[in-house]
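Peer 1: Checked TrEMBL, it gives:
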type	residues	note
DOMAIN	103-173	domain 'S1 motif'
DOMAIN	191-255	domain 'S1 motif'
DOMAIN	268-336	domain 'S1 motif'
REGION	390-417	region 'Disordered'
Amino acid sequence: MATIAQQQFAGLRCPPLSTSHLARRAAAVGVSSFRTSRSGRKSNFIVSAVAISNAQTKDRQELKQLFEDAYERCRTAPMEGVSFTAKDFIAALDNYDFNSEIGTKVKGTVFMTDANGAFVDITAKSSAYLPLQEASIHKLKHVEEAGILPGMREEFVIIGENEDDDSLILSLKMTQYDLAWERCRQLQAEDVIVKGKVVGANKGGVVAVVEGMRGFVPFSQISSKLTADELLDKELPLKFVDVDEEQSRLVFSNRKAMADSQAQLGIGSVVTGTVQSLKPYGAFIDIGGINGLLHVSQISHDRVADIATVLQPGDTLKVMILSHDRERGRVSLSTKKLEPTPGDMIRNPKLVFEKAEEMAQTFRQRIAQAEAMARADMLRFQPESGLTLNSDGILGPLSSDMPAEGLDLSDLPPEEE
């Protein structure tokens, strides 16, 4: 109340006593002449003093009345004439007030970064800080690696308070974890194959990172015969087995992913692979997480004395699927079948890569022709079946223009080499 009264009184001003005002007062009491003799001047001064005294007394009374009126207004109607009301003040506080409890999400703007994190303005009474380890679910050396720069506005989660300066501690990692769990649940529902990088191991299996989340791959769910140390830093095709956010449990299977991948491998199909290792008898090729063997006899039509002169680990090449033993998990590959001319894999491997699909198509046609000839040979001795092959090699009903004893294959062209 005293503050409001002071604000009211601060605007009050008492006008100074002017000489013209005093002159008018003097005229009213009959001061008509100051040009009399020296003996008459004393009485004139007395009259003037009385007039001045009366005028000051009246001014003081008026000023006193103003103060009394102001005091009464402060006592009875303190907010009269004030545009900013108490309700406005409370509403203004509400606009800048928020829940600072741990777990609360708040909007904030980064205004400065340093080597350990970033300072964030969340319009709170105290400052807020985003530590480096809470800036991302990935390991960072500086917050700028995650795109955290001055001016960036984001939603943060309050995870604590610094007791030294009452500043709030924020996190972006918690929000990213929520999104990552949601993404993992979606990928599990879609039953898709994902890539996971092996970052650790223990007695029961290996730890792989998918969508920034660390999950467990039991050894029983790994199709490769590599040891844990050999799998470190390698990427494995994986499928989700268990996604449990409440228990913070994430389990993958490499075997399920490999089974699905192998089901898509067709004999005669061309796939792109990467040379993993060289052996005296051939090269192991990674074809989408599956290791296939490119035997030395299937590299080229020409003899290969030293595999290292043709292939090196890390080389990318196209290979044809020759066979696939799903039970034993073995895949046989060939580049020999993809050579436009014998020896191209040794002299011009780039041409083999470019012509792979075209040569594979030619090879499949030759295989189809050979199968048609085999079926025709069987039908030659079984005319009672009522089936025969037409000129396109398609099995169908025996036509009237075909002899009952079947086809004579002596005129068929031999298989091309």
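First residue shown is number 1, and so on along the chain.
Even glycines carry a Cβ here, placed using N, Cα and C.
Curation does not apply to TrEMBL; its annotations are automatic.
Keep in mind that what you see is a predicted model, and the values were worked out from it rather than measured.
Let's see these features in context: how buried, what's close, how far.
Peer 2: Across the residues of the domain 'S1 motif' (191-255), the predicted structure has a mean pLDDT of 90.
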Peer 1: Just to be sure I understand, if DSSP states are collapsed into helix, strand and coil, how many residues of the domain 'S1 motif' (191-255) fall in each?
Peer 2: 9 helix, 35 strand, 21 coil
Peer 1: What are the helix, strand and coil residue counts for the domain 'S1 motif' (268-336) according to DSSP?
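Peer 2: When I sort the residues of the domain 'S1 motif' (268-336) into the three classes, I find 7 helix, 35 strand, 27 coil.
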Peer 1: Could you give the number of helix, strand and coil residues in the domain 'S1 motif' (103-173) as assigned by DSSP?
Peer 2: 8 helix, 34 strand, 29 coil
